[in-house]
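Let me begin by presenting the structure, written as structure tokens, before commenting on it.
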């Protein structure tokens, strides 16, 4: 129980920091001073003080999305094995449930974007759903491929099995699944080369187009949720492919603390790598994104196939 | 080498073999495609070396070095020469776009699995279980050959098929007899040289290596 | 003595190729190719006598000659001789037109000889893997021969030829690998795993599942080289663009050599899987090829392509005969191979001269050929009649044999379909032949008459004469045909 609380707190408080670190890495690599790693928190604090306004004519969907998005992210944060594999919500720590929860958040935001009735909102929603349609099956398939050796779709069991047999991590299954998951994580969190979180260019934006009409507390919630989703997916990657240091059931408080430090380190390193690679990459043209995602889908499918053939 | 590590390394080589094969479908840049092909040659060489190390067979190891050298060194070198001469560096207008090709590759993987059922049933074992991987690359190579419009891409498709057949030979039987192996390697090398020369001639007489230009002969 | 005879058909053309490499192509070496072809033919005849007592091994067991190999060697020799005799005239004409440099002529001499050697190796190899290597070698050697003229069309034909054939033959290689896999699991040693004789002997122990896949791939792969549908697309292009003597060789024997490989595979397949599997494959290929040929012959506008499609037709017929698969059918198939080789070489060599004289390979460019050049027109016309299977040519006898064997074997329906398609082909080719041969000489015939060198004319007439002779009696070949057919049915080892 303590582990889960620690995990949720870590994700909730640490996610904006992760975004700050990534921006700072980018800034330094690009030769700028950067705003410091606390800037996302300062932004959130500023937004929270402002009054949320809703455009005229929008319905309940527009108001529900800023609650659903962080809500689902927090539930996922409580079940995904980041700090500990022993979650009291163990039954929900199923891979399908986690994927469905993440999708629920994305769909809510897409519907909210449509609800505004503006051109940008609808465009962003349609692009988001296009990406989503290829991302979700890929996540499902690649984690499913990893679940075959463990014999269970429970994320905790998968991570435990991987930690017990580290040799199985250098197999084609995890190689292919890792490639697929990295690509879809980038797409899902709206990073380069799929989407650029730093611009509001109407030709290319996906995620930002849907949040244009939000202000104040609502915007803060959405930004916070996006940061959490990013750290959750990076944490999931770290847990699945480098499962060392994660506390198992019945671990003492010290082990939990160590695990928390380890996961924070792993996610920070991953985030730093991601930010560094973004500096050297150009954004893909929109019509080539399905190509990239189809590629990752194929990798995931091959991973599933390989987990059966080569088992 | 213990059984577990052997199987692990073998499958890792197979995974790299498959990954490079599939990525060829993705890239349009011809020099990247050649690089992928060279990497695949390395994976194939590594695969044979793993087999040789497990069976403690020096001759097989030498064959592995030879196959790796041919497919990761010599053939890519010839193709890079052809590319430098050809001047066209991108695969333009493939008949099937990259996204669809990748999805087709997924179907081909399933097909390869279905085709290799009789083999896995005859002799279940770690090497035979990897045969679908080789057959997937075979089908992907065939697909590249059929849908790409650049002379060099077609050559890569042909060579992917050939790599896959070689991989199958080593996975199923640790290789065909040496005489045949020599003949096969020589034939492949010569076929590539012939195609290299013909690419040259196509460029000389058609002014490019776009095979869509080849439509003098039809009924 | 017999052992060295086995290697002779490979070594003699190779020596001759070396001769061209050293001395180049000149007036003295021009006839070297024909001498080598004659040597090959004599060697084949001696080998036919030498294998009467059974198979002969040579070269550490890598080569093996039995009646079937000897017969195929005779076919190679019989077709190669007129083709090689026509070579000097062809090159002289090309040189006069300024198409051929001395280097190209030297390459032509070398490659044609290596081509003969590769075909001889294919029929003499004792090992399925070696058969594969030899068949692929023929592709590589002939690639430059097809592209010999360096025109756009020739380059395109050569590209298609190499790509399609290499892919097809690649599939056959996979088949070879699978056969080897099945053989090792049937308890054969590594040295015997691809040996044709051992495979045939122990075929019943091969795993049916794997063997089925292997046979499918082998038939598809070698079928590509044999020009069987659905992998025939390269054939009309390559055969119409290659130099006439090379077209004669490719159409007349190379296809049959590839078909020989299918026959060998079929023997193994019949033992391992029962006769039905190979039969279904071959009937599909046969009817497909005949249908393709019939469809594309109807509106054909190019006489060299017409001949090429006719080769597809005849390969289809061979496949049908092999599908029937009893001793009579296979004897007919083998006789048909020889008859087709003779008729096709006459036609392609004639077509080469016609093309040189007229400057076009379009049917509409001809007309009144009989009036313009009686000898050439006559042999061309007779060759077409032979090809259509009219008596007294041997193709009539062999087609009749296939049909007669087909009905009792339960493939009567396929024979009926095949002969209906052949009726269409007869009508189509007949119409084209009338356009080309008959009628008055066109007004523009002020051009000098089409002259055919004596050596070529002699060989054309001789080839037709042999074809007629075989149609009247097969007596000189009876024994050989019978033992070769016995091997191809699997009745004799």
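Yeah, the Cβs are placed from backbone N, Cα and C, and that goes for glycine too.
Quick look at what TrEMBL annotates:
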TRANSMEM  B:6-26  transmembrane segment
TRANSMEM  B:33-54  transmembrane segment
TRANSMEM  B:60-83  transmembrane segment
TRANSMEM  B:95-115  transmembrane segment
TRANSMEM  B:127-146  transmembrane segment
TRANSMEM  B:155-172  transmembrane segment
TRANSMEM  B:178-198  transmembrane segment
Review point. Are there residues at least 6 beyond the ends of the transmembrane segment (B:155-172) whose Cβ is under 8 Å from a Cβ of it, and what are they?
Key: 14, 17, 21, 24, 33-34, 37, 40-41, 44, 47-48, 51, 67, 71, 75, 79, 82, 119, 127-128, 130-131, 133-138, 140-146, 148, 184, 188, 191-192, 195-196, 199
Practice item. Report, as numbers and ranges, every residue of the chain located at least six residues beyond the transmembrane segment (B:127-146) whose Cβ falls under 8 Å of a Cβ in that stretch; write 'none' if there are none. Key: 10-11, 14-15, 17-18, 21-22, 24-25, 40, 51, 95, 101, 104-105, 108-109, 111-113, 115-116, 119-120, 153-154, 156-165, 167-168, 171-172
**Study point:** the transmembrane segment (B:95-115) touching the transmembrane segment (B:6-26) per 3+ Cβ pairs under 8 Å rule
**Key:** yes
Point to revise | Within-chain partners of the transmembrane segment (B:33-54) [C-beta distance under 8 Å, separation at least 6 from its ends] | key: 1, 6, 9-10, 13-14, 16-17, 20-21, 23-24, 27, 60-61, 63-65, 67-73, 75-76, 79-80, 83, 91, 127, 137, 152-153, 156, 159-160, 163, 166-167, 170-171, 174-175
